[in-house]
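Peer 1: Got a structure here, written out as structure tokens. Questions coming.
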Amino acid sequence: MRFAKGHGTENDFVILPDPDGTLSLSAASVAALCDRRAGIGGDGVLRVVRTKAFDEPLTGPAASSAECEWFMDYRNADGSVAEMCGNGVRVFARYLLSAGLLAETSFGVGTRAGTRQVTVHEDSDITVDMGPVGMLGRGTAVLGGAELTGERVSVGNPHLACRVAGPVAGVDLGTAPVFDAAEFPQGANLEVFCESEPGVLDMRVYERGAAETRSCGTGIVAAAAAASGPGTDAQWTVRVPGGTCTVALESGSARLRGPAVIVAEGDIRLPG
Ligand SMILES: N[C@@H](CCC[C@H](N)C(=O)O)C(=O)O
């Protein structure tokens, strides 16, 4: 089958075009595709399916085919399903355009968290309207035996965004954080961030279902929201190991802007 590979600030994805929804994608197949030695390698898989052909029952705010022709079926590298992926939506949009599946510069993309509106800029950056940002109160995780406290934030998917005192490079993200199951029944993504200069955050992330990645769009929004405080409108530049994005927080919603590129295309026999 055809595949493409793309990334947004080095959060990288295997893209599988499946317009008519005929592909049966097991967790084992996803993990094999994302394997960096035996597969293509990626932090996740973006299955590109027409919204009207996406037949999984949706529990959250459903994306309708009237709002968006295409649905991003997101899978983490370990094969688990996620509600949303901010960098993934940008890369998904770039793929739709480069594959000639859409020609507009503004359109909706379906996700399990609802439709996300995308705008493609002349400098080739892409902005995603990330929808409502839910500030859910304080939360904790244990990382390497030490307790970290931060803000629980929903960006369609769950996050614990923790402000740390020192440079984020000093935080050991080599082991999986342990979350309180009462606070995070579905698990969570963990962000550590500090304000390196006014209006600029440095951030690293340990992603649910993938370990440390070089960027996470929903995590960038969660860190910006945690740094601002509930109900505060603000603009942030967020630096991650894989690059830089900007976030605009306004009236409880967020817009995320950053790059997205397709780096390879080819054929692969689907593993599993
Ligand atoms: N990298 C993504 C988030 C992908 C999903 C996440 N690991 C989860 O399980 O919630 C992003 O750019 O937002």
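FYI, residue positions are counted from 1 along the chain as it appears here.
Heads up, the Cβ atoms here are built off N, Cα and C, so glycines get one too.
Per TrEMBL, the features are:
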BINDING   Asn11, Asn76, Gly86, Asn87, Asn157, Asn189, Glu207, Arg208, Gly217, Thr218  substrate binding site
ACT_SITE  Cys85  active site, proton donor
ACT_SITE  Cys85  active site
ACT_SITE  Cys216  active site, proton acceptor
Peer 1: Hey, how far is the residue listed as 'active site, proton donor' from Gly217 (substrate binding site), Cα to Cα, in Å?
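Peer 2: Each residue's Cα considered, the residue listed as 'active site, proton donor' and Gly217 (substrate binding site) end up 6 Å apart.
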Peer 1: Looking at Cβ-Cβ distances, which residues of the chain lie under 8 angstroms from Glu207 (substrate binding site) while being 6 or more apart from it?
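Peer 2: When sequence neighbours closer than 6 are ignored, Glu207 (substrate binding site) has Asp43, Asn76, Asn189, Thr213, Cys216, Gly219 within Cβ distance under 8 Å.
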Peer 1: Any idea what DSSP makes of Asn157 (substrate binding site), helix, strand or coil?
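Peer 2: Asn157 (substrate binding site) sits in coil per DSSP, no helix or strand.
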Peer 1: If you take the centroid of the Cβ atoms of Asn11, Asn76, Gly86, Asn87, Asn157, Asn189, Glu207, Arg208, Gly217, Thr218, the listed substrate site, which other residues of that chain have their Cβ within 8 Å of it?
Peer 2: Gly44, Ala82, Met84, Cys85, Gly88, Val205, Ala210, Thr213, Cys216, Gly219
Peer 1: In Å, how long is the longest CA to CA span across Asn11, Asn76, Gly86, Asn87, Asn157, Asn189, Glu207, Arg208, Gly217, Thr218, which the record gives as the substrate binders?
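Peer 2: Farthest-apart Cα atoms in Asn11, Asn76, Gly86, Asn87, Asn157, Asn189, Glu207, Arg208, Gly217, Thr218 are separated by 16 Å.
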Peer 1: Among the binding-site residues Asn11, Asn157, whose Cβ has the fewest other Cβ atoms within 10 Å?
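Peer 2: Comparing Cβ neighbours within 10 Å for the binding-site residues Asn11, Asn157, Asn157 has the fewest.
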Peer 1: Looking only at Cys85, Cys216, which of these active-site residues has the biggest number of Cβ atoms within 10 Å around its Cβ?
Peer 2: Cys216
Peer 1: Going along the chain, which residues six or more apart from Gly217 (substrate binding site) have their CB under 8 A from its CB?
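Peer 2: Gly217 (substrate binding site) has long-range Cβ partners Gly8, Asn11, Cys85, Gly86, Asn87, Gly88, Val89, Arg90, Val128, Met130, Cys245, Leu256, Gly258.
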